[in-house]
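S.K.: Mind having a look at this structure? Questions to follow.
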């Protein structure tokens, strides 16, 4: 009988992995490890806890859903660890996602290093010495490959998941990310210089650039609400056209002397807490960036700022919806696409494992 139960447990382990993915598989393995009896009651409870019964045991889509669940789990594992090690990383990953998708769609073009045939986007004005989190995305990519070697997931997908997980980690809210994006085989340095919104842009310019991507003024304000977390670097803030003049005296950057090159200033006074303080500051003329305070100059944007200041639920809902919309911005027509083996370069005939290890170990 004991031998039969052991065999049954092994069979259930493989069935569970194929049909329900990570959750049932891990529960089954725990039962085996702890030498629990695999009874009909135990199996029924396990299936119910993972919603397998609602999927239908015979549906072929169960395997795909399980695979995708494992992908999401593998990415979240890396993202959460990175944020736990450095809270600033959450805002950095959201910004990395935004700066990628806003230039020619979500194609991971921003992740590409310069090559002999093109200049990447990382040294464009809005990105240079600013965007970060590349190593986290590379590590998440490797974790997916390790845990799901037969699952091909693009760097663009991983970046989209990482941004969602960062939002979830800080806000406690979430939204759905679908898979299926592909990675560009080139980057657009010129596009990064012209399409991204800078901290010195007036309201008209901001609205024009967001409208070009299909976003209205309210959606723009919701997305800019991500400034509720994160920091700005002193070298940027010491550029007079980038900062709200009312905030100059609050900085500790030594802008009149030798600028504190490594100094950071919170985008709002609570830069590691997802709250409504950003909107309160904008209403009170205390937004850090020039572009932040411009939001009060339009009827629609002014109303949105005040609404989100007063209603966290509305802010979370609208931000999530705008992020879903952002994540679905398509690559430019005609751009060659692939699923990269390493996020920082286009595919070759093979990937040098030593080079891949070096890339994964390198700092941002």
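Using the three backbone atoms N, Cα and C, a Cβ is placed for every residue, glycine included.
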S.K.: From 228, 241, 301, 317, grab the residue that Swiss-Prot records in the same Ca(2+) 2 site as 268, 270, 275.
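M.R.: Candidate listed by Swiss-Prot for the same site: 228.
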S.K.: Which of the listed residues, 113, 128, has Swiss-Prot annotated as N-linked glycosylation site?
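M.R.: Looking at Swiss-Prot, the N-linked glycosylation site feature maps to 113.
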S.K.: Centre the Cβ atoms of 228, 268, 270, 275, go out 8 Å, and tell me which other residues of that chain have a Cβ in range of the Ca(2+) 2 site.
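M.R.: Here the nearby residues are 229, 267, 269, 271, 273, 274, 276, 277, 278.
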S.K.: Can you list, in sequence order, the residues of the same chain other than 100, 103, 105, 107 whose CB lies within 8 Å of the CB centroid of the Ca(2+) 1 site?
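M.R.: Once 100, 103, 105, 107 are set aside, the remaining close residues are 101, 102, 104, 106, 108, 109, 110, 156, 184, 188, 329, 331.
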S.K.: Please give me the CB contact count at 10 A for residue 343 (disulfide bond), counting all chains in the structure.
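M.R.: Excluding its own Cβ, the number within 10 Å is 26.
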S.K.: Within 10 Å of each Cβ, count the other Cβ atoms, then let me know which of the recorded positions 101, 103, 106, 155, 234 comes out lowest.
M.R.: 234
S.K.: Would you pick out, from the binding-site residues 107, 268, the residue whose Cβ has the largest number of other Cβ atoms within 10 Å?
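M.R.: Selected residue: 107.
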